[in-house]
Amino acid sequence: MEASTSLLVLVLAAAAFAAGTVTEAAGDGCSAGCDLALASFYVTPNQNVTNMADLFGIGAANYRSLAPYNPNIPNLDFINVGGRVNVYFTCGCRSLPGSPGATYLAGAFPFQMSRGQIYTSVAANYNNLTTAEWLQATNSYPANNIPDTAVINATVNCSCGDASISPDYGLFLTYPLRAEDTLASVAATYGLSSQLDVVRRYNPGMESATGSGIVYIPVKDPNGSYLPLKSPGKGASAGAIAGGVVAGVVVLAAIFLYIIFYRRRKAKQATLLQSSEDSTQLGTISMDKVTPSTIVGPSPVAGITVDKSVEFSYEELSNATQGFSIGNKIGQGGFGAVYYAELRGEKAAIKKMDMQATHEFLAELKVLTHVHHLNLVRLIGYCIESSLFLVYEFIENGNLSQHLRGMGYEPLSWAARIQIALDSARGLEYIHEHTVPVYIHRDIKSANILIDKNYRAKVADFGLTKLTEVGGTSMPTGTRVVGTFGYMPPEYARYGDVSPKVDVYAFGVVLYELISAKEAIVRSTESSSDSKGLVYLFEEALNSPDPKEGLRTLIDPKLGEDYPIDSILKLTQLAKVCTQEDPKLRPSMRSVVVALMTLSSTSEFWDMNNLYENQGLVNLMSGR
């Protein structure tokens, strides 16, 4: 059996073990953790968000997944020294080394020590979220005898709430106090002055603390609501939330990091894809071609069948992009930069990804080597030398976000917008309904819908894609929340629940964008604190005494008067159905495609009676 398959078995076994044991009583301190906690990271000079994401096990390449928890930061690429960034993590119930009965709540993050490092220097990396004394207490290495190559647990304490204090709060921020802070001032910062007595009860003995120590503050989720406390399981300490699956993820992360570290030193060869124009299986080649510093352990593409995808050399990609020059750079995403190139007579877009983005690289490679559709961007090939590279067909007309809000683009006609919506819906319908397994994109937004020279749309950027078995409707709860703020439905942002209806919700937001050309989050001033979601704005218009007039205030001014208001009203109603809070009430992408076909057709001879499951949606679009 291939190494990758063995690793998968190990992962599944560990997950089953964690899920089965984590909710059992583990001692007097706690018996279970919770899916989600936040840490307030104080920004000092020479720090950036990628560093913070790396310290908390999120991965530097995934730093943009912090955006939903930081609505007051307009751009995570520019953070102010002296400010604070909220970082999410799993709050687990853990035991002190050698004392399984002594338990505590904390996030634990594998930290690779280097020569000369001590617990004090590790604590300094976390900016008072932990201490040298606490690191020594939660690790097995003596402070004066830490091996140079040791991987320790960097532990950050957290809270899951307490039912005896309040059932209204289930999400907490670990906040390290600074000289200017008191418990009362921090509570006021988070709008909890009226609940100061409750905050005090969560932080006994901290009322007079200033300048040092940690306090736990109830905070709102990305949708602006307080998460209620989940009912603790039997044997759980007050306020503990059952989080078996997520705790399993923490265990797996540690296992995975250990495997990476071990194979970095021991790997002798790697399994790589064989270049071929035809469908091929993987072969093995000598490590003379790919060194451990380039690819660690087994090739990350092991086990993937590549259908007509070419393995390019680094030299060929470098030559085609003038050494990945600024002049060839055409974009920058959360997982890497994109460069224009001409390869073997074809225009191409090359995404250059950091080695730490292996998960996203694999996800995208796996989807696009198995799934082929007119409305999905086409993968030409890949490269795994020096960095991770994906080579796509070049779509020369930019993305939908640029056409709606960028400079130098001709306004999109209403007919073009409907066609773009239909093309995008067809791409999503294909991955939801016609692939085995079913794929869930998880990051549908206007920036990930590419427009070709004929103004036809293709869905792109599959780096966050999840998959599920045929007939499955959702992924396990506790999935790490990634994606883009403003496009995430409530069940995903709050609980990590993943199903195809996550994409349906995001697509509904894109429909609102097509109507209004506004961003998913609309800021009425330069201050990001004064903002509203596009979903809210349209619901407000639809609930007004005259919905058509309400909508006119939101319609893209670039359309002028060149639009049928009835068509806009119907598309708005479709978007509203897609963005319903209850995922069960949202239509499938199959029904959305039918509705858009009806809306885009001028024919009176559509036979809608035999099409798909949502006849009411069809009737809505056809005006019946």
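A Cβ is built for glycine as well, from the same backbone N, Cα and C atoms used for every other residue.
These numbers come from a predicted model, not from an experiment.
Annotation source Swiss-Prot lists active site, proton acceptor at Asp443, citing sequence analysis. For Arg115, Gly116, Gln117, Ile118, Tyr119, Thr120, Ser121, Pro142, Ala143, Asn144, Asn145, Ile146, Pro147, Asp148, the entry in Swiss-Prot reads chitin binding site. The ATP binding site annotation in Swiss-Prot covers Ile330, Gly331, Gln332, Gly333, Gly334, Phe335, Gly336, Ala337, Val338, Lys351 and is backed by sequence analysis. Residues annotated as disulfide bond in Swiss-Prot, with similarity to another entry given as evidence: Cys30-Cys93, Cys34-Cys160, Cys91-Cys158. What Swiss-Prot records for 173-218 is domain 'LysM', and it gives sequence analysis as the kind of evidence. Residues annotated as domain 'Protein kinase' in Swiss-Prot, with sequence analysis given as evidence: 324-599. Residues annotated as N-linked glycosylation site in Swiss-Prot, with sequence analysis given as evidence: Asn48, Asn128, Asn153, Asn157, Asn223. Per Swiss-Prot, the feature signal peptide maps to 1-18. Annotation source Swiss-Prot lists topological domain 'Extracellular' at 19-240, citing a curator's inference. Look at Swiss-Prot and you will find 262-624 tagged as topological domain 'Cytoplasmic', backed by a curator's inference.
Here the features listed in Swiss-Prot are placed on the structure.
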{"residue": "Asn48", "record": "N-linked glycosylation site", "Cβ contacts under 8 Å, 6 or more apart": "Ile79"}
{"residue": "Arg115", "record": "chitin binding site", "Cβ contacts under 8 Å, 6 or more apart": "Asp148"}
{"residue": "Ser121", "record": "chitin binding site", "Cβ contacts under 8 Å, 6 or more apart": "none"}
{"residue": "Ala143", "record": "chitin binding site", "Cβ contacts under 8 Å, 6 or more apart": "Ile118, Tyr119, Ala132, Gln136"}
{"residue": "Asn145", "record": "chitin binding site", "Cβ contacts under 8 Å, 6 or more apart": "none"}
{"residue": "Asn153", "record": "N-linked glycosylation site", "Cβ contacts under 8 Å, 6 or more apart": "Ala108, Phe109, Pro110, Phe111, Thr138, Asn139"}
{"residue": "Cys158", "record": "disulfide bond", "Cβ contacts under 8 Å, 6 or more apart": "Gly33, Cys34, Ala37, Ala39, Phe89, Cys91, Leu105, Ala106, Gly107, Phe172, Thr174, Tyr216"}
{"residue": "Ile330", "record": "ATP binding site", "Cβ contacts under 8 Å, 6 or more apart": "Val338, Tyr339, Tyr340, Ala349"}
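Candidate recorded positions: Asn128, Pro147, Asn223, Gln332, Asp443. Nearest to Cys93 (disulfide bond) by Cα distance: Asn128.
When the Cα of Asn223 (N-linked glycosylation site) is compared against those of the recorded positions Gln117, Gly336, Asp443, the shortest separation belongs to Asp443. Least packed by the Cβ count within 10 Å, out of the recorded positions Cys93, Pro147, Asn157, Cys160, Val338, is Pro147. Neighbour counts of Cβ atoms within 10 Å were compared across the recorded positions Gln117, Asn128, Asn223, Gln332; the minimum falls on Gln332.
The average pLDDT computed over the domain 'Protein kinase' (324-599) stands at 86.
Between the CA atoms of Asp443 (active site, proton acceptor) and Asn157 (N-linked glycosylation site) there is a gap of 31 Å, rounded to the nearest whole number.
Under the DSSP three-state reduction, Gly336 (ATP binding site) is assigned to strand. In the three-state DSSP classification, Asn145 (chitin binding site) falls within coil.
Using CA atoms as reference points, the binding-site residues Gln117, Pro147, Gln332 were checked against Asn128 (N-linked glycosylation site), and the closest is Gln117.
When the domain 'LysM' (173-218) is classified with DSSP, helix, strand and coil residues number 17 helix, 9 strand, 20 coil. Of Asn157, Cys160, Gln332, all annotated as recorded positions, the residue with the shortest Cα distance to Cys30 (disulfide bond) is Cys160. Here the Cα atom of Cys160 (disulfide bond) is found 32 Å from that of Gln117 (chitin binding site). With Arg115, Gly116, Gln117, Ile118, Tyr119, Thr120, Ser121, Pro142, Ala143, Asn144, Asn145, Ile146, Pro147, Asp148 listed as the residues that bind chitin, the site has a largest C-alpha separation of 15 Å. Fewest Cβ neighbours within 10 Å among the disulfide-bonded residues Cys30, Cys34, Cys91: this applies to Cys30. When Cα-Cα distances from Pro147 (chitin binding site) are compared across the recorded positions Asn157, Gln332, Gly336, the shortest belongs to Asn157. For Gly336 (ATP binding site), other Cβ atoms within 10 Å of its Cβ number 22.
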